[in-house]
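Report on one structure; see the data block that follows.
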Amino acid sequence: MASFKIVIVCLALLVAVASARRRDMMSDDELDYHFSKRGIPCACDSDGPDIRSASLSGIVWMGSCPSGWKKCKSYYSIVADCCNQ
């Protein structure tokens, strides 16, 4: 009886693995959009001096800003930059 249960479980796993579908690859534009929305918001110089009322229009990028983005903070940081499009 135990071997019958093992066979049933193995068949169920085989069906689950065989019927799994691969995700379609996203285009570069879709990836850029999703990455830009996953970042940590930051306040650009244009948002004003008060952080509590700022709109936080920038996104923190590790290293430097990617292509199509510009640095929007006046201070320099080696680790990350506050960037916006």
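Yeah, the Cβs are placed from backbone N, Cα and C, and that goes for glycine too.
Cys65 is paired in Swiss-Prot with Cys83, the candidate among Cys42, Cys44, Cys83 named as its disulfide partner. Sequence-distant contacts of the signal peptide (1-20) (same chain, at least 6 residues past either end, Cβ-Cβ under 8 Å): none.
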